[in-house]
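Q: Before anything else, here's the structure in question.
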Amino acid sequence: MNILKISKQTLTNNIKIIREYVGNAKICFPVKANAYGHGIEEIVENTHDLVDFFAVANSLEAFRVTAITKKPVLVFGVIYYEYLERMVSENIRVSIQDYDDIEKLEQIAKELNKKIYVHINVNTGMNRMGVCYNDVCRTIKRAYNSKWIILEGVYSHLACADNRDHPTNAKQKKRFSEIVEYAKELSQDIICHLSNSYGFLGDKEICYDMVRPGILIYGFLPEFYVERSIREIKPIARLLSKVVKIIELEEGDGVGYSMIYRGFDGEKVAVIPIGYGDGFPRELGDRGFVNIDNVMYPMAGRMSMDGLTVSLGHNEHNVKVGDVVELISDIPRNRNSAFLMAKQVNTIEYDIMSTLNDRIIREVI
């Protein structure tokens with residue numbers, strides 16, 4: 001059985017540190033992609049009293065959040081009109097991505113006789129989603145003056161927040177500051193938000209009314225310098241499994257598909273029941289490490305859909321069937337941390353964690 005163990009104390013402490021850092025800004029907690037692989041239900045249940053908003057990528061994720069909490073939920077993605085009636089009934093916040101969205105929303109709101117909460121997503125330079133920068137002011141004004149729309153927020157997203165010196169940051173910040181000025185002239189109550197985790201860590205001046213600390217709450221820090229208080233943030237989860245079988249190799253034996261790993265006579269190999277079918281990175285096969293009783297062991301051979309193997313050498317530490325295996329550590333410097341695993345396979349921690357699927361149990365402790 002594979003379990004992602006989540007520390008409620010660490011989760012709570014991370015939010016507390018961020019809260020102190022951003023001052024009066026609200027916290028909108030992104031829990032998209034199954035809370036970056038940590039489990040929407042488990043994370044929302046244990047944080048809804050600590051944050052002001054939640055954010056998700058789509059309607060179906062939003063419904064999972066509203067089943068647990070009455071806190072506002074913002075959907076970042078496009079509007080799926082087949083789900084809009086339920087979204088409106090549950091007061092889920094919709095993102096306007098184009099000026100024409102307003103007319104469609106007004107028509108549906110009239111039919112339902114219920115106002116729709118919206119946040120206008122502004123394309124300040126990322127060029128992925130959002131209202132065109134040159135079309136923003138009329139979109140804001142139209143939404144603000146609508147009888148059927150409640151303009152709750154205006155936001156954008158930084159394309160290069162992980163690189164503080166990238167020139168795109170200055171361009172986007174300048175554009176968004178102009179938008180904020182326009183929106184606030186209409187109403188001081190409009191919530192303006194720009195910064196994800198790396199955004200406000202790189203520039204504390206752009207917290208505005210709300211920040212969106214996703215990866216930071218889950219415990220992953222940027223590689224650029226941050227203040228000492230932020231360095232107290234820790235990963236909230238460990239991925240654990242157990243040894244289910246130990247095999248002794250004979251001379252010439254290989255392990256796993258294609259026999260890419262060849263052991264030595266008498267070598268012990270442990271079988272762990274987790275594989276790429278669980279969302280564990282296949283690229284780590286024959287490259288990654290696991291921790292058994294505070295000893296690091298290398299993976300041996302290709303990872304399969306449902307299992308991986310590790311070399312115990314001569315098994316000097318007497319690893320046994322049933323021993324706990326730590327696959328992902330909550331200590332960043334460990335070779336099996338999400339941070340160093342990501343480095344090994346040329347990806348990011350978000351990718352390592354968010355691909356873990358529902359074959360893995362989530363447990364908050």
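The backbone N, Cα and C atoms fix where each Cβ goes, and this holds for glycine too.
Sharing the features that Swiss-Prot gives for it:
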MOD_RES   Lys32  N6-(pyridoxal phosphate)lysine
ACT_SITE  Lys32  active site, proton acceptor
BINDING   Arg128, Met305  substrate binding site
ACT_SITE  Tyr257  active site, proton acceptor
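How about a rundown of where these features are and what they're close to?
A: Annotation for Lys32 (N6-(pyridoxal phosphate)lysine): spatial neighbours Ala55, Val56, Ala57, Asn58, Glu61, Phe76, Gly214, criterion Cβ-Cβ under 8 Å with sequence separation of six or more. When secondary structure is read from DSSP and collapsed to three states, Lys32 (N6-(pyridoxal phosphate)lysine) falls in the helix class.
Secondary structure at Met305 (substrate binding site), taken from DSSP and collapsed to helix, strand or coil, is coil. Long-range Cβ proximity for Met305 (substrate binding site), meaning a same-chain Cβ under 8 A and a gap of 6 or more residues, is found for Gly275, Tyr276, Gly277.
For the recorded site, Tyr257 (active site, proton acceptor), the DSSP three-state label reads helix. Neighbour density for Tyr257 (active site, proton acceptor): within 10 A of its CB lie 11 other CB atoms from the protein chains shown.
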Q: Name the residues of the same chain, 6+ apart in sequence, whose Cβ is under 8 Å from the Cβ of Arg128 (substrate binding site)?
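A: Same-chain residues close to Arg128 (substrate binding site) (Cβ under 8 Å, separated by 6 or more) are His157.
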